[in-house]
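J.: Not my notes, these are from Swiss-Prot:
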type: COMPBIAS; residues: 258-268; note: compositional bias 'Basic residues'
type: CROSSLNK; residues: LYS220; note: SUMO2 cross-link
type: CROSSLNK; residues: LYS220; note: SUMO1 cross-link
type: MOD_RES; residues: SER185; note: phosphoserine
type: MOD_RES; residues: THR232; note: phosphothreonine
type: MOD_RES; residues: SER272; note: phosphoserine
type: REGION; residues: 253-297; note: region 'Disordered'
Amino acid sequence: MGFVKVVKNKAYFKRYQVKFRRRREGKTDYYARKRLVIQDKNKYNTPKYRMIVRVTNRDIICQIAYARIEGDMIVCAAYAHELPKYGVKVGLTNYAAAYCTGLLLARRLLNRFGMDKIYEGQVEVTGDEYNVESIDGQPGAFTCYLDAGLARTTTGNKVFGALKGAVDGGLSIPHSTKRFPGYDSESKEFNAEVHRKHIMGQNVADYMRYLMEEDEDAYKKQFSQYIKNSVTPDMMEEMYKKAHAAIRENPVYEKKPKKEVKKKRWNRPKMSLAQKKDRVAQKKASFLRAQERAAES
């Protein structure tokens, strides 16, 4: 069929149907969402959990959610801006930070359900493929599915860093190694050591060393926060190892204390009935006293 020009006449506008709001805004891929949300009909009211990963300019958001008619219900959430608490003060949007955020989400969720001692996950970071399996006589492994949204799911995307962190943390998420850094599409082989380097921030450390030698000014400009926090390339691996251990030790979210706000009143408050009656009585008494004084004089 050749090119057909759309004739925008009365019939076109009369029959025009707008797309969903979040599709118009370019926020939701409804083709993917439909498949992620719909549960098997023989599972009745069992929720189908999704691991949602979104990368913004300054943060990485990881959530476990399930869909309801009223809207999505968030079961648990973890953010990259929480990582300074665990010792990672810089590079909060790189691959290593995505891994830490995914790990934090998994440990926090399992801790909430009392399964953190049953499913420890992979404590030693190898970068190799690892899958969580249910243990006999214990609650089954928590299963969810990756929701990458509209992110381009290319090999090495940070979304898969968060996925790997969650899997190593003890969640059962179906995946393969094809999208992890270290996978070669030509030879169809996966190099786990390359992946481990990314998890430990060694790709960033190598670039820091390269810039230090080649262009000092560019290094100072690009890694100003690293310099400010005294983070050197040699410290990176140890920093992330300590962060992983700290996350496993205490993944619980601590609520910030609510600020007490003293309300200022800009107008006079309304008087009660008793106050109004008292005011009238005072005015009457004052008026009568004035009348008496006038009569005496």
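Note: Cβ is positioned from N, Cα and C throughout, glycine not excepted.
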J.: Including all protein chains displayed, how many Cβ atoms other than that of SER272 (phosphoserine) lie within 10 Å of its Cβ?
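T.: Other Cβ atoms within 10 Å of SER272 (phosphoserine): 9.
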J.: So, in DSSP terms, is the residue listed as 'SUMO2 cross-link' helix, strand, or coil?
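T.: Its secondary structure by DSSP: helix.
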J.: With the cut-off set at 10 Å between Cβ atoms, which of these modified residues ends up with the most neighbours? Options: SER185, THR232.
T.: THR232
J.: Rounded to the nearest Å, what's the C-alpha distance separating SER185 (phosphoserine) and the residue listed as 'SUMO2 cross-link'? Just drop the number here, would you?
T.: 36
J.: Taking DSSP states H, G and I as helix and E and B as strand, how many residues of the compositional bias 'Basic residues' (258-268) are helix, strand and coil?
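T.: Counts, helix then strand then coil: 0 helix, 0 strand, 11 coil.
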J.: Under DSSP, is SER272 (phosphoserine) part of a helix or a strand, or is it coil?
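T.: DSSP assigns SER272 (phosphoserine) to coil.
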J.: If I take the alpha carbons of LYS220 (SUMO2 cross-link) and THR232 (phosphothreonine), what is the distance between them in whole Å?
T.: 12
J.: Tell me, how many other CB atoms lie within 10 A of the CB of the residue listed as 'SUMO2 cross-link', whichever protein chain they belong to?
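T.: Summing over all protein chains shown, the residue listed as 'SUMO2 cross-link' has 13 other Cβ atoms within 10 Å.
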J.: Just to verify a number: CA distance, THR232 (phosphothreonine) to SER272 (phosphoserine), in angstrom, no decimals.
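T.: A Cα-Cα distance of 68 Å.
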